[in-house]
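S.K.: Have a look at the structure that comes next, please.
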Amino acid sequence: MLRKFLRKIPLAWLQVRREPTRLLVAISGIAFADILIFFQLGLMESAYVSATGMHYRLRGDLFLTNAISDNINTIRPFPRARLFQSLATDGVASVNALYTGIGQWRNPDNRTFWQVQVYGFNPSNPAMEVPDAKVKFDLLKMLNYALFDRAARPDLGNIARVLQQSPSLTVQLNNFNIQVVGVFAMGASFSADGNLIVSDSTFLRLFPERQPDEIDIGAISLKPGVNIARVQATLRAKLPADVLVLTKEEYIQRERNYWSQVSPIGVIFGFGTIVGFLVGTVIVYQILYSDVSDHLPEYATLKAMGYSDRYLIGVLLQEALILAILGFVPGYTISFGLYGLIAQATLLPVQMSMNRAVLVFAMTLVMCIASGAVAMRKLQSADPADIF
C-alpha cells in the first residue's frame with residue numbers, strides 16, 4: 001500500500017508546483033506558523049531551564065522545602081529544626097541549609113539597580129555544586145565576600161572583566177557594601193538578571209529581616225548504598241506536614257509544573273503555540289481548498305476515467321505532505337538563527353533541540369494533513385455529471 005501511495009507523488013508534486021506564486025505563499029505561511037511555534041516553545045523551555053538552574057546544582061539526595069512554596073521566586077522559609085530532625089534518621093549522612101532571596105544589585109559603573117538571586121550557605125559544607133567556583137568557596141568564609149555570576153546580563157556591569165585585572169571589586173547589594181572575589185556561571189532567568197553566592201553569615205547580614213533558624217531549602221545527603229525511596233518514606237512519616245521531602249527529580253519537576261501550569265508565562269507561551277498551529281492550519285486549508293476548487297474539472301475527469309475517491313484523496317494528502325516538508329525547512333532554519341539572536345540579546349538559555357524540532361515537524365504534518373482532510377469534502381463533491 002505504501003508503494004502505491006508513493007507512486008502518486010509525481011502527480012501531487014505537479015499540482016503543487018503548477019502555480020509558483022501560490023506555492024510560495026503556502027511555504028511562507030507554513031514557515032511563519034512554524035517560526036511562531038518554535039519561538040513560543042523555545043522561550044517556554046528557556047523559562048523552565050533558567051528557573052531550575054539552581055535545582056540541578058543542589059548537592060544531596062533528598063531536599064526539604066516549605067509545603068506551600070511552589071517556586072523559587074516565592075519560596076517560603078521553614079524551621080531549621082526540620083533539618084536536624086532529618087539528621088537523626090537512619091541512613092542520613094549529612095545535611096546542609098540553603099538561604100535564597102532576591103537582592104537589589106547596584107551596577108558599579110552607572111549606579112543603576114538590578115535584581116539578582118542571592119544564595120547563601122556554609123562555605124565549609126556547600127549546599128550547591130559549583131565546579132568553576134569551588135576553589136573560591138574558602139574566600140566566602142570572610143564576611144561580606146561574594147561570588148558573581150559571569151553569565152549574568154551585561155546590565156549588572158563588567159564584573160568578570162574587572163576581576164581578571166583585580167582580585168576583588170567593591171559593589172553594593174541591598175545598600176550594603178560587599179567584595180566580589182570570584183565568578184561562577186549560572187545565567188539569568190525571567191525573574192533575576194544574574195546570581196550571587198555568599199556565605200550564610202553574609203546572607204543574613206544582607207537580608208536582616210531573615211532569621212538564622214528559618215531556612216529556604218534543606219539538602220540531605222544519604223550514606224552510600226542506602227535506598228533513597230525508603231529514607232524518603234521514613235522522613236515523610238517522621239517530619240511535620242509543613243515541609244515536603246523531595247528527590248532532586250521531583251523538586252525540578254515541581255518547579256517546572258509551576259512555570260508551565262500556574263505561571264502566566266506558561267499559559268501565554270502555550271496559547272501562542274496553539275495560535276501558531278491554528279494559523280498554519282488555516283493557511284494550508286485555504287491553499288488546498290483553492291487548489292481543489294480551481295482543478296475541480298480535472299478531478300472530475302479523473303473520476304470519470306475510473307479513478308476512485310481514495311486515489312484522489314491520496315493525491316491531496318501527498319500535496320499536504322509536500323507542503324509540510326517545504327514549509328518546515330525554512331521555518332526550522334530561520335528559527336535556529338532566531339534562537340541564537342535571542343540568546344545573545346537576553347542571555348537566556350534559548351537553544352534548538354532535536355526533540356523540539358521533531359515535535360514541531362510532527363505538528364506541521366498534523367497541521368497540513370488536518371487541512372487536507374477538511375479540503376477532502378470539496379474533492380469528494382467532484383461529480384462528473386454535475387460539472388460536464
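Placement of Cβ uses the backbone N, Cα and C atoms for every residue, glycine included.
Not my notes, these are from TrEMBL:
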TRANSMEM  21-43  transmembrane segment
TRANSMEM  265-290  transmembrane segment
DOMAIN    273-380  domain 'ABC3 transporter permease C-terminal'
TRANSMEM  311-334  transmembrane segment
TRANSMEM  354-375  transmembrane segment
S.K.: Are there residues at least 6 beyond the ends of the transmembrane segment (21-43) whose Cβ is under 8 Å from a Cβ of it, and what are they?
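M.R.: Here the qualifying positions are 269-270, 272-273, 275-277, 279-281, 283-284, 287, 290-291, 323-324, 326-328, 330-332, 334-335, 338-339, 342, 348, 350-352, 356, 359-360, 363-364, 367-368.
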S.K.: Let's see if you can do this one: DSSP helix, strand and coil counts over the domain 'ABC3 transporter permease C-terminal' (273-380), in that order.
M.R.: 96 helix, 0 strand, 12 coil
